[in-house]
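According to TrEMBL, the feature transmembrane segment maps to 33-51, 71-91, 139-160, 172-191, 311-330. As annotated by TrEMBL, domain '4Fe-4S ferredoxin-type' applies to 76-112, 185-216, 230-285. Here TrEMBL flags 325-441 as domain 'FixG C-terminal immunoglobulin-like'.
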Ligand code: SF4
Ligand code: SF4
């Protein structure tokens, strides 16, 4: 909510020897973050950094292929992401919006393309102003259309296997769910970055409103700090207002919901006032801590650890990270499930051997083919009636069937024999061990 101020009288401009340029200029830093996050956004689905393959019901995280049956790890990973975003809102306000959010990155990029197309069209000296305007619009829409197809492709790749999606794109598939999703996403992306842009942040995006609720008195803000009356340094040049893409005047309040904490107004004010020999009046600040006070504070307060809440947030984050790393390192890339099938206790085979039924499930949850070797301990001459041992599993393949565990008759007066079935997917890995019983008749028939 903006707070209206009364029109102030024209200030007297006092000129001093110019100051050197500001040490930290935020816009180029932000653009470097944009490039890094754009590359991460594009690379994530292709490198399986993070991707949800809906048709195959697989979740890819940090290069690991998680099956839907491993929901606990998927849930943990999603919770970690949500916690990081919430913690960032509490500590750093809307820094995520202006430095990392794809909507902001592509909105600013589409504005740059629009300006570039306008400048290029101005070079058509012989064309009429109307023709130049048309050429600029045409070029802008053409670039945005190509970019929208690319962005929609990347976005849809988060949910559909990228090679499969590329095949659908090259065949102009508008029939299957994946093809239709890609086409609709392209249209939405095009309309978003030609018409909506940053309006999305203040109207549709729920994250901005949630951030408002999460902030407290220590959250990072962009704060205008000036004296009053005669001690006021603001020269009312309004450059801070003109550069603001969100269309606000930061001098009215640091708590305006439209402010995404981009820092463009900080750069603008520093640029103007330093030429007049004074430092800028707009700064990043923890809450409304004056800049001079913040400079005297110990390092941990300057790094944002300003109360116990922030320390707890850090500890919870470490707990989540350690928990997730452990869950990922302990997960078995090849799932082995061995259970007895007691629909019949035992069978006497024609050759006199005894057979028990075993339910076997082997699933290769890795991206490469593997072999699983199975053997029995504690029962002389026992063997599993498998078509081949080791069992070869292609990436993502599941082998599931009921097989006979066969062994010669044992003349020891016992009908229950304790055995172990072992399955080893990789010679370097520990074998999975399943302890169970083998049931035989007491006497040979
Ligand atoms: S007020 Fe300043 S920090 Fe906030 S959005 Fe506008 S330019 Fe960015
Ligand atoms: S840029 Fe600085 S000096 Fe100019 S109006 Fe904004 S706050 Fe005042």
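Every residue gets a Cβ built from N, Cα and C, even glycine.
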- Could you please provide the mean pLDDT value for the domain '4Fe-4S ferredoxin-type' (76-112)? 91
- Message: Let me spell it out: take the transmembrane segment (139-160), skip the flanking residues so only those 6+ beyond its ends count, and list any with a Cβ under 8 Å from a Cβ in it.
- Response: 41-42, 44-46, 50-55, 106, 109-110, 113-114, 117, 120-121, 166, 169, 178, 181-182, 185-190, 193-194
- Task: Could you give me the DSSP helix, strand and coil counts for the domain '4Fe-4S ferredoxin-type' (76-112)?
- Result: 33 helix, 0 strand, 4 coil
- Task: May I ask whether the transmembrane segment (71-91) has at least three C-beta pairs under 8 Å with the transmembrane segment (311-330), counting pairs 6 or more apart in sequence?
- Result: yes
- Task: Quickly jot the same-chain residues contacting the domain '4Fe-4S ferredoxin-type' (76-112) by Cβ under 8 Å, restricted to those at least six beyond its ends, or write none.
- Result: 30, 33-34, 37-38, 41, 59, 61, 66, 144, 147, 151, 192-194, 197-198, 200-201, 205, 207-208, 210-211, 214-216, 219-221, 245, 259-263, 304, 309-310, 313, 316-317, 320-321, 323-324, 327
- Item | Residue counts (helix, strand, coil, in that order) that DSSP gives for the domain '4Fe-4S ferredoxin-type' (230-285) | 18 helix, 4 strand, 34 coil
- Contact set, same chain, for the transmembrane segment (33-51): CB under 8 Å, 6 or more residues outside the stretch: 59-65, 99-100, 102, 105, 108-109, 154, 157-159, 162
- Query: Mind checking which residues reach the transmembrane segment (172-191)? Cβ under 8 Å, same chain, six or more beyond either end.
  - Reply: 55, 144-145, 148-149, 151-153, 155-156, 159-160, 164-165
